[in-house]
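Copied over from TrEMBL:
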- D27, D71, D214: Mg(2+) 3 binding site (BINDING)
- D27, T41, D71: Mg(2+) 4 binding site (BINDING)
- T42, D43, D118: Mg(2+) 1 binding site (BINDING)
- D43, D71: Mg(2+) 2 binding site (BINDING)
- H50, E264, Y311: substrate binding site (BINDING)
- G117, D118, R141, S216: ATP binding site (BINDING)
- D217: Mg(2+) 5 binding site (BINDING)
- 25-134: domain 'PurM-like N-terminal' (DOMAIN)
Amino acid sequence: MNELDIIKIISKNLSYSNGVEKGIGDDCAVFKFENQHLVVTTDMMFKSTHFPSILTPFQIGMRVVTANVSDIAAMCAKPLGMVISMGFDNPKKTFIDEMSKGINFISKEYGCPIAGGDTNKAPELTLSGTAFGITDNPIYRGGIIGEDICITGDVGKVNCALKLLEMKDKGILGNIEFEKTMSEFPRIMKKLAEPKARVKEGLLLNKIITSCCDISDGLSKDLNYTGNFEINSKNLLNSVSREVIEFCEKFDMDLLKTVLNSGEEFELLFTTPDFKKAEEKLKDINSVTKIGKVVESGKTVDGISVELEGYVHKW
């Protein structure tokens, strides 16, 4: 059983009041209040599955905030605040101090103050955030046929960084070679350790895009939220950073697969009838790449059907 199976079972037993405009099935739940919408998301993280070994306590704190705020950004909403519940197996004062500093640092950057939370004993470090945002125009998933599919920034760095850690854990790379490779590709490791939620981008794109989600489970999986699609690999790979290209060449990795299956990038994946307007809106803060179109049927890359990979929790 995987998370999608579990969500289906739960969903059929739930009912919503008139105040809930959007329930399960998007980056956030949406509540309607007169001419405003409250958007709410929650994300649970465990040490064993969500925090790579190279992360410092400060970066762990940053990550739990970023993952939640990224969902607010995907709705093109303004962050209001956040609460965080924390479970500890063997709490250490220095760890908690540094982690909370990381939480505070990044929450200030996003304009998303931490308003409270809960603490408890847990089998391992467990962080569960709930973030709130507000907008008069929430942007949902699901593109319109004929529209352009676009991404902000570049994708692929996180997958490369995780591959590097995997090679170290499997003994393919020794400590010296691992450290040397990390120093060769600093931006790759930076994207894994300190990803950023695209809050400013989401706010600027509101009103000119028709659907949006953040790239968290992997581009190939998250593309499914746009509907049926036709991706042009040349356009997609034009957005890829030089470091990702060089990393894939160094370790004989398929560049396209690396990019398509890279998750927790937290870039925005959106559809729009006017790519040029979106590009103009973000020209001072981030790049925008048109990678394909929403189509009537099929899910293809260069005309070839693709399986939607990416990350799914399994039991």
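Think of each number as a place in line: the chain as shown, counted from 1.
Cβ from N, Cα, C; glycine included.
Curation does not apply to TrEMBL; its annotations are automatic.
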When each of the binding-site residues D27, D217 is scored by other CB atoms within 10 A, the minimum falls on D217
Could you measure between R141 (ATP binding site) and D217 (Mg(2+) 5 binding site) for me? Cα positions, answer in whole angstrom. 15
Which Cβ among the binding-site residues (D43, D71, D118, D214) has the fewest C-beta neighbours inside 10 Å? D118
Where among the binding-site residues T42, S216 do you find the Cβ with the fewest other Cβ atoms within 10 Å? T42
Given the binding-site residues H50, R141, which one's Cβ is surrounded by the fewest other Cβ atoms within 10 Å? H50
Close to D71 (Mg(2+) 3 binding site), taking Cα pairs within 10 Å and only the binding-site residues T41, T42, G117, S216, E264, are T41, T42, S216
Cα-Cα, T42 (Mg(2+) 1 binding site) versus E264 (substrate binding site), nearest Å, comes out at 15
Which one is closest to D214 (Mg(2+) 3 binding site) in space, judged by CA to CA distance, out of the binding-site residues T41, D43, G117, D118, E264? E264
